[in-house]
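Asker: Got these off Swiss-Prot a minute ago, pasting:
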- H123: active site, proton acceptor (ACT_SITE)
- A24, F35, R36, Q105, I107, D108, H123, S192, S193, N215, D232: NAD(+) binding site (BINDING)
- F35, I107, D108: nicotinamide binding site (BINDING)
- C131, C134, C151, C154: Zn(2+) binding site (BINDING)
- 1-243: domain 'Deacetylase sirtuin-type' (DOMAIN)
Amino acid sequence: MKHDLETLKHIIDSSNRITFFTGAGVSVASGVPDFRSMGGLFDEISKDGLSPEYLLSRDYLEDDPEGFINFCHKRLLFVDTMPNIVHDWIAKLERNQQSLGIITQNIDGLHSDAGSQHVDELHGTLNRFYCNVCHKSYTKSDVIDRTLKHCDNCGGAIRPDIVLYGEMLDQPTIIRALNKIEHADTLVVLGSSLVVQPAAGLISHFKGDNLIIINKDRTPYDSDATLVIHDDMVSVVKSLMTE
(Lines of atoms letter the chains of each structure in order from A and count residues from 1; the text may use other names and numbers.)
(Lines give C-alpha, C1' and ligand atoms only; values in the text may rest on other atoms or scores of the structure.)
Protein backbone atom coordinates (compact mmCIF):
# COMPACT_ATOMS: atom_id res chain seq x y z
CA MET A 1 0.00 0.00 0.00
CA LYS A 2 2.84 2.41 0.87
CA HIS A 3 4.41 1.85 -2.55
CA ASP A 4 1.03 2.49 -4.24
CA LEU A 5 0.66 5.76 -2.32
CA GLU A 6 4.14 6.86 -3.34
CA THR A 7 3.33 6.05 -6.97
CA LEU A 8 0.01 7.90 -6.73
CA LYS A 9 1.66 10.97 -5.20
CA HIS A 10 4.36 10.99 -7.88
CA ILE A 11 1.81 10.78 -10.71
CA ILE A 12 -0.41 13.51 -9.21
CA ASP A 13 2.53 15.82 -8.51
CA SER A 14 3.89 15.41 -12.05
CA SER A 15 0.53 15.90 -13.82
CA ASN A 16 -0.94 19.23 -14.85
CA ARG A 17 -4.02 18.16 -16.82
CA ILE A 18 -5.78 15.81 -14.41
CA THR A 19 -9.40 14.87 -15.02
CA PHE A 20 -11.36 13.26 -12.21
CA PHE A 21 -14.21 10.81 -12.83
CA THR A 22 -16.20 10.21 -9.66
CA GLY A 23 -18.95 7.87 -8.57
CA ALA A 24 -21.04 7.15 -5.50
CA GLY A 25 -18.12 5.88 -3.43
CA VAL A 26 -16.77 9.42 -3.12
CA SER A 27 -19.84 10.69 -1.28
CA VAL A 28 -20.54 7.77 1.06
CA ALA A 29 -18.30 9.36 3.72
CA SER A 30 -20.51 12.46 3.53
CA GLY A 31 -23.57 10.43 4.46
CA VAL A 32 -24.95 10.09 0.94
CA PRO A 33 -26.05 6.47 0.40
CA ASP A 34 -24.68 4.55 -2.55
CA PHE A 35 -27.62 3.98 -4.90
CA ARG A 36 -27.25 0.28 -5.61
CA SER A 37 -25.15 -1.28 -2.88
CA MET A 38 -26.64 -3.44 -0.15
CA GLY A 39 -28.31 -1.06 2.26
CA GLY A 40 -28.01 1.77 -0.25
CA LEU A 41 -30.58 4.25 -1.50
CA PHE A 42 -32.39 1.75 -3.74
CA ASP A 43 -32.96 -0.50 -0.72
CA GLU A 44 -34.36 2.44 1.24
CA ILE A 45 -36.57 3.56 -1.64
CA SER A 46 -37.98 0.04 -2.00
CA LYS A 47 -39.56 0.51 1.42
CA ASP A 48 -41.89 3.09 -0.17
CA GLY A 49 -43.75 0.28 -1.94
CA LEU A 50 -42.89 1.08 -5.56
CA SER A 51 -39.81 0.17 -7.58
CA PRO A 52 -36.90 2.62 -7.30
CA GLU A 53 -36.72 2.82 -11.09
CA TYR A 54 -40.36 3.94 -11.26
CA LEU A 55 -40.09 6.42 -8.38
CA LEU A 56 -37.09 8.00 -10.09
CA SER A 57 -38.72 8.09 -13.53
CA ARG A 58 -40.27 10.61 -15.86
CA ASP A 59 -43.35 8.36 -15.91
CA TYR A 60 -43.91 8.76 -12.16
CA LEU A 61 -43.49 12.54 -12.40
CA GLU A 62 -46.17 12.65 -15.11
CA ASP A 63 -48.48 10.04 -13.52
CA ASP A 64 -48.42 11.50 -10.02
CA PRO A 65 -46.63 14.88 -9.71
CA GLU A 66 -47.66 15.24 -6.06
CA GLY A 67 -46.36 11.79 -5.19
CA PHE A 68 -43.13 12.47 -7.06
CA ILE A 69 -42.31 15.71 -5.26
CA ASN A 70 -43.22 14.19 -1.87
CA PHE A 71 -40.84 11.33 -2.64
CA CYS A 72 -38.07 13.78 -3.59
CA HIS A 73 -38.48 15.69 -0.34
CA LYS A 74 -38.45 12.47 1.67
CA ARG A 75 -35.55 10.68 -0.01
CA LEU A 76 -33.39 12.99 -2.11
CA LEU A 77 -32.70 16.32 -0.42
CA PHE A 78 -29.75 15.17 1.76
CA VAL A 79 -30.14 18.29 3.90
CA ASP A 80 -27.21 17.75 6.29
CA THR A 81 -24.56 16.46 3.89
CA MET A 82 -21.21 18.23 3.60
CA PRO A 83 -18.19 17.68 1.33
CA ASN A 84 -15.58 15.30 2.71
CA ILE A 85 -11.79 15.26 2.42
CA VAL A 86 -11.93 13.71 -1.08
CA HIS A 87 -14.10 16.54 -2.45
CA ASP A 88 -11.79 19.07 -0.78
CA TRP A 89 -8.64 17.44 -2.18
CA ILE A 90 -10.02 17.49 -5.72
CA ALA A 91 -11.06 21.15 -5.36
CA LYS A 92 -7.57 22.04 -4.10
CA LEU A 93 -5.93 20.48 -7.16
CA GLU A 94 -8.22 22.55 -9.37
CA ARG A 95 -7.27 25.73 -7.49
CA ASN A 96 -3.61 24.77 -7.99
CA GLN A 97 -4.31 24.60 -11.74
CA GLN A 98 -3.38 20.93 -11.96
CA SER A 99 -6.88 19.78 -12.89
CA LEU A 100 -9.09 20.23 -15.94
CA GLY A 101 -12.08 19.46 -13.72
CA ILE A 102 -14.47 16.72 -12.71
CA ILE A 103 -16.89 14.38 -14.43
CA THR A 104 -19.28 12.92 -11.89
CA GLN A 105 -22.07 10.38 -11.86
CA ASN A 106 -23.24 11.82 -8.53
CA ILE A 107 -26.25 14.10 -8.13
CA ASP A 108 -25.48 15.38 -4.63
CA GLY A 109 -23.72 18.59 -5.73
CA LEU A 110 -20.92 18.12 -3.19
CA HIS A 111 -18.11 18.83 -5.66
CA SER A 112 -19.54 22.30 -6.26
CA ASP A 113 -20.13 22.75 -2.53
CA ALA A 114 -16.42 22.03 -1.99
CA GLY A 115 -15.50 24.85 -4.36
CA SER A 116 -14.83 22.99 -7.62
CA GLN A 117 -15.73 25.20 -10.57
CA HIS A 118 -15.44 22.84 -13.54
CA VAL A 119 -17.89 20.03 -12.78
CA ASP A 120 -19.77 18.06 -15.42
CA GLU A 121 -22.67 16.36 -13.64
CA LEU A 122 -23.70 13.56 -15.99
CA HIS A 123 -26.92 12.80 -14.13
CA GLY A 124 -27.73 16.35 -13.05
CA THR A 125 -27.66 17.89 -9.58
CA LEU A 126 -29.84 18.27 -6.51
CA ASN A 127 -28.45 21.79 -6.06
CA ARG A 128 -30.83 23.05 -8.75
CA PHE A 129 -34.59 22.69 -9.13
CA TYR A 130 -37.11 23.93 -11.67
CA CYS A 131 -40.83 23.96 -12.33
CA ASN A 132 -41.88 21.03 -14.48
CA VAL A 133 -44.46 23.26 -16.21
CA CYS A 134 -43.06 26.78 -16.71
CA HIS A 135 -39.39 25.89 -16.03
CA LYS A 136 -38.83 28.66 -13.47
CA SER A 137 -35.55 27.98 -11.66
CA TYR A 138 -35.16 27.42 -7.92
CA THR A 139 -32.17 26.74 -5.69
CA LYS A 140 -31.90 23.91 -3.20
CA SER A 141 -32.10 26.53 -0.45
CA ASP A 142 -35.41 27.80 -1.88
CA VAL A 143 -36.85 24.30 -1.75
CA ILE A 144 -35.53 23.38 1.70
CA ASP A 145 -36.03 26.67 3.54
CA ARG A 146 -39.58 27.14 2.29
CA THR A 147 -40.47 23.44 2.00
CA LEU A 148 -41.32 24.46 -1.54
CA LYS A 149 -43.10 21.83 -3.63
CA HIS A 150 -45.15 23.92 -6.07
CA CYS A 151 -44.06 26.75 -8.34
CA ASP A 152 -45.02 30.19 -7.02
CA ASN A 153 -45.42 31.31 -10.62
CA CYS A 154 -47.76 28.66 -12.07
CA GLY A 155 -48.38 26.05 -9.36
CA GLY A 156 -46.56 23.28 -11.22
CA ALA A 157 -44.47 20.59 -9.50
CA ILE A 158 -40.94 21.69 -8.62
CA ARG A 159 -38.55 18.92 -9.61
CA PRO A 160 -34.81 18.46 -9.09
CA ASP A 161 -32.56 19.09 -12.08
CA ILE A 162 -31.54 15.44 -12.35
CA VAL A 163 -31.81 12.94 -15.19
CA LEU A 164 -34.75 10.66 -14.46
CA TYR A 165 -35.30 7.20 -15.93
CA GLY A 166 -36.85 7.81 -19.34
CA GLU A 167 -34.91 11.04 -19.94
CA MET A 168 -31.83 11.65 -22.07
CA LEU A 169 -28.49 12.75 -20.69
CA ASP A 170 -27.67 16.37 -21.45
CA GLN A 171 -25.59 16.36 -24.65
CA PRO A 172 -23.56 19.55 -23.95
CA THR A 173 -22.53 17.97 -20.64
CA ILE A 174 -21.42 14.79 -22.45
CA ILE A 175 -19.40 16.84 -24.94
CA ARG A 176 -17.65 18.78 -22.16
CA ALA A 177 -16.91 15.50 -20.35
CA LEU A 178 -15.41 13.96 -23.48
CA ASN A 179 -13.26 17.05 -23.96
CA LYS A 180 -11.91 16.77 -20.41
CA ILE A 181 -11.06 13.10 -20.89
CA GLU A 182 -9.45 13.54 -24.30
CA HIS A 183 -7.22 16.41 -23.11
CA ALA A 184 -6.17 14.86 -19.80
CA ASP A 185 -2.65 13.62 -19.14
CA THR A 186 -3.95 11.72 -16.09
CA LEU A 187 -7.45 10.34 -15.50
CA VAL A 188 -8.31 9.52 -11.89
CA VAL A 189 -11.39 7.35 -11.32
CA LEU A 190 -12.72 7.52 -7.76
CA GLY A 191 -15.53 5.46 -6.26
CA SER A 192 -17.09 4.23 -9.49
CA SER A 193 -17.67 0.64 -10.60
CA LEU A 194 -17.47 1.85 -14.23
CA VAL A 195 -20.36 -0.36 -15.30
CA VAL A 196 -23.19 2.20 -15.70
CA GLN A 197 -23.60 3.19 -19.34
CA PRO A 198 -23.24 5.45 -21.21
CA ALA A 199 -21.29 7.32 -18.54
CA ALA A 200 -18.71 4.59 -17.95
CA GLY A 201 -18.07 4.26 -21.68
CA LEU A 202 -16.49 7.71 -21.61
CA ILE A 203 -13.40 6.16 -20.01
CA SER A 204 -12.51 4.40 -23.26
CA HIS A 205 -11.80 7.80 -24.85
CA PHE A 206 -8.83 8.45 -22.55
CA LYS A 207 -5.52 8.41 -24.45
CA GLY A 208 -3.30 10.11 -21.86
CA ASP A 209 -0.39 8.80 -19.83
CA ASN A 210 -1.88 7.54 -16.58
CA LEU A 211 -5.21 5.92 -15.72
CA ILE A 212 -5.62 5.65 -11.95
CA ILE A 213 -8.53 3.73 -10.41
CA ILE A 214 -9.31 3.97 -6.70
CA ASN A 215 -12.36 1.91 -5.81
CA LYS A 216 -13.23 -0.69 -3.19
CA ASP A 217 -14.22 -3.25 -5.82
CA ARG A 218 -12.77 -4.31 -9.15
CA THR A 219 -13.81 -2.52 -12.33
CA PRO A 220 -13.80 -3.57 -16.02
CA TYR A 221 -10.92 -1.12 -16.62
CA ASP A 222 -8.54 -2.36 -13.91
CA SER A 223 -6.35 -4.22 -16.39
CA ASP A 224 -5.91 -1.04 -18.45
CA ALA A 225 -4.89 1.14 -15.51
CA THR A 226 -1.44 2.41 -14.59
CA LEU A 227 -2.35 2.13 -10.91
CA VAL A 228 -5.26 0.41 -9.14
CA ILE A 229 -5.97 0.81 -5.43
CA HIS A 230 -8.81 -1.23 -3.95
CA ASP A 231 -9.41 0.72 -0.77
CA ASP A 232 -11.57 3.38 0.84
CA MET A 233 -11.14 6.77 -0.87
CA VAL A 234 -11.06 8.76 2.37
CA SER A 235 -8.30 6.56 3.78
CA VAL A 236 -6.27 6.86 0.58
CA VAL A 237 -6.56 10.65 0.40
CA LYS A 238 -5.76 11.08 4.10
CA SER A 239 -2.65 8.94 3.67
CA LEU A 240 -1.71 10.79 0.49
CA MET A 241 -1.91 14.17 2.22
CA THR A 242 0.44 13.00 4.98
CA GLU A 243 3.03 11.54 2.61
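For all residues, glycine too, the Cβ spot is worked out from N, Cα and C.
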Asker: Determine, using Cα-Cα distances only, which of these recorded positions is closest to S193 (NAD(+) binding site): H123, C131, C134, C151, C154.
Answerer: H123
Asker: Minimum Cβ neighbour count within 10 Å among the binding-site residues A24, I107, C151: which residue?
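Answerer: Relative to the other binding-site residues in A24, I107, C151, C151 has the fewest Cβ atoms within 10 Å.
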Asker: DSSP secondary structure for C131 (Zn(2+) binding site), reduced to helix/strand/coil, please.
Answerer: strand
Asker: Which of the binding-site residues A24, I107, D108, C134, D232 has its Cα nearest to the Cα of H123 (active site, proton acceptor)?
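Answerer: Comparing Cα positions, the closest of these binding-site residues turns out to be I107.
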Asker: Counting distance between Cα atoms, which of the binding-site residues A24, C154, D232 is nearest D108 (nicotinamide binding site)?
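Answerer: Checked the binding-site residues A24, C154, D232; minimum Cα distance to D108 (nicotinamide binding site) goes to A24.
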Asker: Let me spell it out: for each of the binding-site residues (C131, C134, C154), count the other Cβ atoms within 10 Å of that residue's Cβ, using every protein chain shown. Which one has the most?
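Answerer: It comes out as C131.
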Asker: Among the binding-site residues listed here, D108, S193, whose Cβ has the fewest other Cβ atoms inside 10 Å?
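Answerer: Sparsest of the binding-site residues D108, S193 by Cβ contacts within 10 Å: S193.
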